[in-house]
């Protein structure tokens, strides 16, 4: 390949509590309550730092899904969780998801900047608008606002938060009057080592991408194919340009679900074993939520009904992620699998987020390919099970990437903002 | 006569000073005081200082960087919602092994007021809002306690044979409908160390919380409570108290506070051995569990087979 990109990729880890697969908790390597054990979390932080990784990411929402078979719905509050991990680490970035729908912008701005200060400038806020009626009912609301309303609020919410972070540096009050918020005041939190937290945006809806282009410095994307990823990469970078920003000001990191082994066969066996140890109703329920149809009514050995593959009937009330849905429908149309085949295939190709099953060497090839193709600035890697999956990334994948000149040998920067700035610039397109 | 214990009341600048210094953290962690309040000036009627930190951010640092010290984070339902407060309280309890608790306040000195019609939580722009008064704060404390208890810790069974991690049918909706309408459940289990201590600050009897047989308040700080506040530099008050809360001025440093605390602990105050939970350190009883009539949040899980 000619005109190879210079510099290194960004590597984040999406810490889906114990791992993205529901049965991750069943390993004898973990105590039954590892998800609330500070030593478990500190170990994740220290392991990531051993690999000079850029960031650890935590999803979040103010609601509880059924934790009967899976630790994924269990959530310590991310700024507290990462605040504790920050004391066991010194360089790895820490990304907390927080809802713009179910917080007050003053309180959240103060909490995030305080946490950024305490981490030595390693914090990022992943802005989400939160889906689901169960979250609304924890805040006295009968249902969540429509998608457009949530994003209108998110836009204003982010503006208020940024203005308040600015007030901490200037010492001057803001006097904000908008559609949703009226705030006169200032933060008295000391500015952090990186000034203020990085802003992340997750998701692939048009409103989400527009928000990212305007304010985000990182995007946690969902991409199944390289071609689609290249298109979205350019789209979001162009949104940034359209907002008077440099494309380098925004880093694109798609998620990548991982099962790694010393051979492809071993990796597949590991993936199969952890999948088989989890409940099948999960993949059917997940698919139902993701595509907006009750998949338990589909004949398992028939192809997907055509009406399922059409556009979302009402994007305002659709509870899933539009970006995930788009990825899934594209994938189904490509191979026209039966429902059972699709549910089994997604063990290897991912669902919403792309999946990867193979060796660290093959994963390095994949990262290198997408990086030089101009599809990514890095990946947000999502191990099947973190306790023994993260060490493979750190001790086997990272050294391969280093040998290829794609990753740093030691931390050369301190703050998360500096880590991002030191990464490879955006290729021309 | 039982000696009173000693507690420390840290204001905004002290939080910044303490969490930035390994030496101070180490001294703080070794001190046999009962607890420290992180950001007492946020809720005790003080004017805001020049700097502060969100109390839970300082608490997270203490949870990770120390092993023994106990603390209360300060929060008020002015621009904060009980569901969000409960999440931070419970998370800190897990990560500190029960060394933490909550000091609930009526107002937050560092936050702008919300709309006049509903200054408590009304600024979040979600409709509604409530008065900034003791009833609202008390309802918030009640919600935090109920949410924390809604998911019993011992429902985490981790049975690898049946594939059941949590007996989730034992998790309940709290279905609160007071100042705050909250369905629950919280998205983290109750701490293995028991319910977090909830404290209230009352400088005078007018500041006391509403009388309520179901009050979740475990501990009353301030001159109208059992743990009066003494300014650093003043003498301990006469009389019998459970404890004394030593509070430096904004100009006095954490180092000066620790110097005086060390001296007082050697002279008439009870040492509370470092380590262990805040509830045990204060010899407080565990609150009763939630009513068994609350509705289950999830169906009873069943053993499963693969696809």
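Here the Cβ of each residue, glycine as well, is placed from N, Cα and C on the backbone.
Taken from TrEMBL, the feature transmembrane segment applies to A:7-25.
Positions annotated as domain 'Luciferase-like' by TrEMBL: A:36-375.
According to TrEMBL, the feature FMN binding site maps to A:60, A:97, A:151, A:205. Long-range neighbours of residue A:151 (FMN binding site) (same chain, six or more residues apart, CB within less than 8 Å of its CB): A:129, A:205, A:207, A:208, A:211. In the three-state DSSP classification, residue A:151 (FMN binding site) falls within a helix.
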Does DSSP put residue A:97 (FMN binding site) in a helix, in a strand, or in coil?
-> strand
What is the Cβ neighbour count of residue A:60 (FMN binding site) at a 10 Å cut-off, with all protein chains included?
-> 20
Look up residue A:60 (FMN binding site) in the DSSP assignment and reduce it to helix, strand or coil.
-> coil
Any idea of the Cα spread of the FMN site, A:60, A:97, A:151, A:205, as a max distance in Å?
-> 18
